[in-house]
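S.K.: Heads up, here are the entries from TrEMBL:
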| type | residues | note |
| --- | --- | --- |
| ACT_SITE | S166 | active site, nucleophile |
| ACT_SITE | D192 | active site, charge relay system |
| ACT_SITE | H277 | active site, charge relay system |
| BINDING | R206, D211 | Ca(2+) binding site |
| DOMAIN | 350-485 | domain 'PLAT' |
| REGION | 22-43 | region 'Disordered' |
| SIGNAL | 1-21 | signal peptide |
Amino acid sequence: MKSLHLLSILLISMIIIPTNTHGGKKKEALGSQSQHSRTKKDQQSLETKFQLYTDTTGEACQILFNQLETLDKCSFNASLPLVMIVHGWSVDGILESWIWKMAAALKSQHKQINVIIADWLTFAHQHYPIAVQNTRYIGQEIADFVEWLEKSIQFSRSNVHLIGYSLGAHVSGFAGSYISGTNKIGRITGLDPAGPLFEGMSPTDRLSPDDANFVDAIHTFTKQHMGLSVGIKQPVAHFDFYPNGGTFQPGCHFMHVYNHIAQYGITGITQTVKCAHERSVHLFIDSLLHEDKQSTAYWCNDINTFDKGLCLSCRKNRCNTLGYNIREERLPKSRKLFLKTRARMPFKVYHYQFKIHFINEIQGKKIDPSFSMSLTGTKEDAKNLPITLIEGINGNKTYSFLITLDTDIGELLMIKFKWEGTAVWKNIWDKFQTIIPWTKGTRRPGLIVKTIRVKAGETQQKMTFCSQSTDNIHLYPAQEKTFVRCEDRLRQHKRK
Ligand SMILES: *[C@@H]1O[C@H](CO)[C@@H](O)[C@H](O)[C@H]1NC(C)=O
Ligand SMILES: *[C@@H]1O[C@H](CO)[C@@H](O)[C@H](O)[C@H]1NC(C)=O
């Protein structure tokens with residue numbers, strides 16, 4: 001744990017105090033609050049390079065501000081919407097590979113759009129606090145660019161969608177707030193918006209729901225150390241998605257850091273920071289590439305409640321789709337949505353709430369057992385899913401928990417529920433038999449599992465399962481019981 005803590009400090013200091021003093025033009029910090037209002041009229045060129053991505057060549061064609069002919073030359077189609085990708089803070093001063101993946105994914109599934117990469121590398125390849133100050137300046141430039149499109153070719157700002165990663169999310173927010181006039185740009189997507197120097201700031205000093213007609217954000221690396229997290233924790237959008245709770249992501253575990261360091265040296269650390277931080281980007285790309293595997297996220301207060309399976313409701317628009325195909329809905333208040341994901345693309349999982357009513361017959365003794373389940377669906381099976389109940393089983397109570405499956409098993413037909421009686425547990429339990437005298441003398445006290453109620457998040461279907469055998473409702477260690485849909489069992493009994 002100690003090395004993990006050290007490592008975290010190292011990660012944070014990497015973010016705050018970048019060591020790159022090489023290369024990159026020395027720019028002044030231009031972006032302080034009062035300075036962003038530079039005179040637009042006589043500004044003939046911008047520092048930001050606006051590169052139109054063309055999928056035919058996989059290359060980019062630079063559109064020059066106030067030079068109408070470059071729009072033609074680059075084949076900007078004014079009758080199609082514009083998606084602009086805005087990168088974040090840069091350690092090495094080059095465009096990261098995800099940018100091209102994102103551009104290609106946008107073009108492959110939605111050919112009917114213009115894709116522009118806003119390259120502000122010379123202002124992003126700076127010490128972090130300076131790059132932060134520059135976000136306002138670049139935001140102003142993007143606002144100028146959109147206003148120019150509006151004036152010169154009647155391109156509506158409502159057709160503009162800014163996708164900003166890390167610092168780029170706040171750049172996009174500033175672009176949205178600096179654009180003049182009362183109308184807003186169409187949409188801003190913040191991909192793990194940067195945390196340091198933005199967390200806790202007023203809405204005017206960071207990305208916020210006021211910056212566009214619709215704002216969504218995906219938070220993937222908000223693990224906090226020394227009061228800081230790489231990604232911002234607080235909600236900044238109309239819909240804020242927290243995949244796997246938003247703190248850290250599966251497949252990015254710190255165990256892998258050591259491998260990364262062994263493999264890449266000190267840059268291995270950057271790889272690990274990037275893993276969870278950049279996951280937001282790949283979740284978004286996933287939503288473009290796998291139209292048939294859209295991830296649903298659910299409105300919830302926090303991840304603990306979500307992990308109990310208590311939030312899988314889609315009633316009154318409580319759920320939404322993560323990524324490009326989100327349902328755009330303006331709400332008066334930010335809404336936090338949660339979901340689980342796989343460690344790799346496609347990231348989608350299927351969420352289920354299980355509610356099991358247990359009666360613990362071993363009075364006064366809290367049972368802390370582990371269970372496993374095997375599920376049979378109309379399409380597939382899922383075998384030996386481990387279940388850990390956070391609290392031990394006591395008395396007579398219903399327990400609720402979340403189970404996720406990587407595959408679509410179809411409609412759930414049958415549940416095999418097993419009390420994983422480890423040798424040790426069985427031993428303890430057997431001792432119990434000898435100490436506790438049971439009433440009728442014919443059977444041993446055990447656990448009674450009456451019904452299992454299941455709710456499928458993705459289909460919103462609710463089902464109730466009953467023990468297949470009606471005469472034996474007791475569960476003992478190492479024993480497996482089969483549960484079928486209660487209505488099926490009823491039908492079988494009538495037939496008999
Ligand atoms: C622009 O897009 C529209 C709509 O898809 C299409 O009809 C038109 O041909 C395109 N224009 C050019 C110059 O490609
Ligand atoms: C369990 O609790 C319910 C109500 O809370 C009660 O009706 C039932 O009799 C209890 N069962 C046992 C075995 O204690």
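Cβ coordinates come from backbone N, Cα and C, glycine included.
Keep in mind it's a predicted model, so treat the numbers as computed, not measured.
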S.K.: Name, in the order they occur in the sequence, the residues of the same chain whose CB lies under 8 A from the CB of D192 (active site, charge relay system) and which sit 6 or more residues away.
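M.R.: When sequence neighbours closer than 6 are ignored, D192 (active site, charge relay system) has Y165, S166, A169, I218, H219, T220, F221, V230, G231, I232, H277, E278, R279, S280, V281 within Cβ distance under 8 Å.
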S.K.: Let's check the environment of R206 (Ca(2+) binding site): how many other CB atoms sit within 10 Å of its CB?
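M.R.: Other Cβ atoms found within 10 Å: 24.
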S.K.: If you average pLDDT over the domain 'PLAT' (350-485), what do you get?
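M.R.: That stretch averages a pLDDT of 81.
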S.K.: Far apart in sequence but close in space: which same-chain residues, 6 or more away, have a Cβ under 8 Å from D211 (Ca(2+) binding site)?
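M.R.: For D211 (Ca(2+) binding site), the qualifying residues are S172, G173, F174, A175, G176, S177, K184, I185, I188.
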S.K.: What kind of secondary structure is H277 (active site, charge relay system) part of, going by DSSP in three states?
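M.R.: Going by the DSSP assignment, H277 (active site, charge relay system) falls within a helical segment, counted as helix.
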S.K.: Measure from the Cβ of H277 (active site, charge relay system) and count the other Cβ atoms within 10 Å, all protein chains considered.
M.R.: 26
